[in-house]
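J.: Got these off TrEMBL a minute ago, pasting:
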DOMAIN    A:20-262  domain 'ABC transmembrane type-1'
TRANSMEM  A:21-43  transmembrane segment
TRANSMEM  A:49-67  transmembrane segment
TRANSMEM  A:132-152  transmembrane segment
TRANSMEM  A:158-175  transmembrane segment
TRANSMEM  A:236-260  transmembrane segment
TRANSMEM  A:297-322  transmembrane segment
DOMAIN    A:371-590  domain 'ABC transporter'
Amino acid sequence: MRATEVLRLAQPSPRAFAPALAFGLLSALSTVALLGTSAYLIARAAEQPPILYLSIAVVGVRAFALARATFRYLDRLAGHGAAFRALASLRVAIYERIIPLAPDGLAATRRGDLLARLVGDVDDLQNLSLKVVQPLLTSLLVAVLAVVGVWLLLPAAAIALAATLVIALVLGTWIDTRIAARAERELAPLRGSFADETLDFVQNLDVLAAFGATDARLLHLAETDARLTRSASRRAAGAGATAAVVSLLAGLATVAALVAGVPALGTALGTALGGQPLGATAFSGPLLAGHTFSGPLLAIVVLVPIAVFEVFAAVPLAAGAWRQVYASASRVASALPDALPPQLPASGVLDALTASAPPVWASPGGVPPIIRLVDVSATWPVLHGPHDRQGLAEALLPAPEPALRSVSVTVRPGERLLVEGPSGSGKTTLAHVLVRFLEHEGSVTIGGVDVRELAPEEVRTVIGLCEQVPYLFDANLRQNLLFARETATDDELLAVLARVGLAEWSAARGGLSARLGERGALVSGGEAQRIALARVLLADFPVVVFDEPTANVDSGRADTLLRDLLEAAGPDRSVVLISHTPVPPELVTQRLRLG
Amino acid sequence: MKPVDARLRYAASARLFFGLGGVLAALQTACIVGFAWLVSSTVVAAIGGASLSMLVPSLAALVGVIVLRSAIVWLMEVNAARGSAIVKSELRRKVLASVARLGPGWLAGRSSVRVSTMVTTGLDALDTYFAKYLPQLILTAIATPVLVVVMLVADLTSGVIVVLTLPLIPVFMVLIGWATQALQAAQWEKLGALSSGFLDVVEGLSTLKVFGREKRQVGRIRAVTDQYRVSTMKVLRLSFLSGFALELAASLSVALVAVSIGLRLVGGDLGLGVGLFVLMLAPEAFLPLRQVGAAFHAAADGVAATDAVFEVLSADPAAADPAPAAARVASALGERTHGAAITRLWVSHGPLDDARFAVQDFSAELRPGTLTVLAGPSGAGKSSIVGAMLGFVPFSGTIDAAPIAWAGQRPSLLAGTVFDNLTLGSEDPSRALVERALALAAADDIDSAIVLGVNGAGLSVGQAQRVAVARAVYRLLERDCGVLLLDEPSSALDAATEARLIAGVRALAAGGVAVLVVSHRDAFRLAADQLLELAAPALAAEPSSATAALSAIRSTGAVR
């Protein structure tokens, strides 16, 4: 996926975006008009005309004052509303692209906080319309309108205003971009090494304390910090350059208006406009009554640039916001490749296949089919994860070699296969091959049918997986079970909980309405496995793969948990049990050793 | 957040930048007044008939003021950015020192990634406060009063109008702030749940795929996001009102000033020059205040995001209990040279007066030359006993131990070479000793020149475990420690390697070292001279039966 595609998804549709843009424009125009009209009012008043001649300007001043604040308020509301609406469709669009990749095609899944960052990046994209597109469009339109307005009064002043605005735009953006690029080049590696050292220090504080090495490490960290701070201080010299340039050009615009306006005092207005009548301009009759460039008009021409530049100051800020938004979009895009990596099974052939008569075993709860693996190897996709902002260790080493090599095994109906081996021997890889999260070489057949002829979704109706770290949604116990079988009644749910040994546990926590906390924070490792098993039982998969169910359970309770899990699975179901710790031999019927 | 957060006293280096910021703000104010004065007087002179050549001196002065103004704008930003960088550095160093002082016991209940993120990117949230909000606050404190006084002197009526309108801003903001707070308090929990709803679905996606429910979530994401929008907009409608009040007060006061000046000009009571001058100053008096308001929420969020940092700093009175871990270990150094005796050890889950105990009345003797294995289900207090022996957790009772060389459950290897890791804390690293330690830890197949990444990246779990054991063995050999303490040293090892490790450990014991191994592996139990088996704590289901938590010690006493 390209970053531009992500950005297109993030930008609200023109229709949703129009009200915000209109209100923003009206507010900015009111800012300029307020100062311009005020200046005209005062300069014209100094000529002591009949007071009637001033009434329109007086009304204008008051109206523009009210309008500026009101439209600004409406602009912010409409802008946020549109951005949130765009967020809903953006989230859905990104989610739909994540589905075929998850879990093994997402670099992020290998480290939890990276996934959170991907989601954070998606959510940050709402700044595209709020902080980039809208301020840019508003500022540029106001600048153009102001130049046109000044042109009607004095073309020379308009040219001067336009020139200063263009220089400010080009110079300001160029300086801002250059400085940011240099900061990125200089600071990013320093930040990265400081972050690495800090993580090392905090994670290993016990060892450092026990080995008396804490002070030496702190000293080393202080040195890295000092280098980082020196570099950041040096960079600070560039920080204000953009603001200074805009301020300088704003002032020069006023000087230019004076230089252009003073000699023009008293000359006929019409000469500048090729003799065209001026009645249709935005200004009221009295303003142009003299048809000469008068003192009050000079006041307008001199003061309007001040207000225009006040609005225009948003442009360099928008450039900064654009860099952040673009970085977020690039990270999101890089996490979502256009083509599925070859190591992942393609999805979406389900419709074609379900049209033909489904095999008997495809129905949940049926007699488990024979699963046969012949010479199966599998490799994890090489992923280039989203670039880590802090430079915290990027734990994504390419895995060029197969994680699982030439495995052949047959799981007959009702059999218990134990897969053992040291960590890194491919146990989890095997589990992911079985549920078609990963593509494989060799052949895997279910009831004699090659799984490649089936949609991955269909394979997953036969083979269920109890993950090593079962995901518990931030919802109550009922909702965490119900999605496995949506028609289940509360009684059925309670019966399943009793079967997996959670009857008392759930009762003590308030039954099915008990909340499990964010990411199951209120649930221990063993209980999470039992909940995962309860889901698998509800979904009634004929074949169940347990991936290290005791990995997060203390050794004293591991055997009890294993016994409970296998007993609850029942005698008819086929079970593939993956474990790196010893399993009592009477619990399994076949063993497969990897690595 | 209060206008100036009191907790920032931790950042003493900020003061210099406050001072410099004040000077620059005063200069900036002078430039604003000068600019307005020069522009208005030039316009008046031109209308009065002065030609461009006659105006050259004022135009030159104007350019001078403009250049000076933009230089000050630049200096103010530089000062703010530098100040922010230096304050962050100071806080980083203080927090890390505090974390070190609070020690591993304090870290135990916390995510180390979160703690280090807090020290690194977490502190960047303070940028909005130091680099944006505070400079504007200083500018407001100086520019607004000065400009008001200038206006009062130039034109009393306009000055009075501004003086009357200005206080409306804080009043409006406070009123609206209260209303928003009340609404936010009610909405907060809901908003939090809704904003994390998308993450919840994405993180649980593999589980959803297992159950074929992934496509159904599209509707849920849309619904959750829509609810999020509706709820957030409800809050925003109110909280944007504060911005509205600021803008309205500022622009209305400009309008009032302009109209009042205009009417008095018609009457001939006022000169055009003064009128234009005051008109240009009026918005400038409000501008810094408006910018403070705009930066306030972001700054408050930034300071709130660094709450954790200040919690660490305030949690660390230098005399924290437990005493710094290194000191505790050192204090044990002089008392004994061989073995260890633990007498009537109590360790509580929380503070010492807490009634819940992880270890209750545990006594044991670790004799030189013996291998003792400590076993029992987790929660029985094994880790607490280890923590107490190392001085990481507070305890009551006595631990009389020779210096301890220790390898923990996690390998905890540092970035650097395997050699660097083995010789951690050593003043005079010895290659021969490294080779010997690796051999005794069944790790002689690992090249000591291998360079490890953060968190020991580059080794398999089993290799890392053996390197960690070798590190403890190195210290034992180098410092002649009397006690070797290994916590689950073989959990990731296969049986053959485990056997070699046990042989190495036995060899060390034979040399007169008291070895204590926490392990649940049968191989270690069988090799033990003394087996200490801790009973399971009370089950979670029956928390009332506190007596069941009594950790009875069954010493087999089978010294071979």
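Cβ from N, Cα, C; glycine included.
I'm curious about the neighbourhood of these features; can you describe it?
T.: Long-range neighbours of the transmembrane segment (A:21-43) within the same chain, counting only residues 6 or more positions beyond its ends whose Cβ lies under 8 Å from a Cβ of the stretch, are 54, 57-58, 60-61, 64-65, 67-68, 70-72, 74-75, 78-79, 134-135, 137-139, 141-142, 145-146, 149, 287, 295-300, 302-304, 306-308, 310-311.
For the transmembrane segment (A:132-152), the list of distant contacts is 11, 17, 20-21, 24-25, 28-29, 32, 36, 75, 79, 158, 161-162, 165, 257, 273, 278, 281-283, 300-301, 304-305, 307-308, 311-312, 314-315, 317-318, 321-322, 325: same-chain residues at least six beyond its ends, Cβ to Cβ under 8 Å.
Only residues 6 or more beyond the boundaries of the transmembrane segment (A:236-260), in the same chain, are considered here, and those with a CB under 8 A from a CB of the stretch are 150, 154, 156-157, 159-161, 163-165, 167-168, 171-172, 175-176, 179, 182-183, 301-306, 308-309, 312-313, 316.
Below 8 angstroms of C-beta separation, residues 28, 31-32, 34-36, 38-40, 42-43, 127, 131-132, 135-136, 138-140, 142-143, 146, 149-150, 153-154, 157, 161, 164-165, 168-169, 172-173, 176-177, 180, 242-243, 246, 249-250, 253-254, 257-258, 260-262, 264-265, 269, 287 of the same chain, each at least six residues beyond the ends of the transmembrane segment (A:297-322), sit close to that stretch.
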J.: Go through the chain and flag residues at least 6 beyond the ends of the transmembrane segment (A:49-67) whose CB is under 8 A from any CB in it; none is fine as an answer.
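T.: Long-range Cβ neighbours of the transmembrane segment (A:49-67): 26-27, 30, 33-34, 37-38, 40-41, 284, 286.
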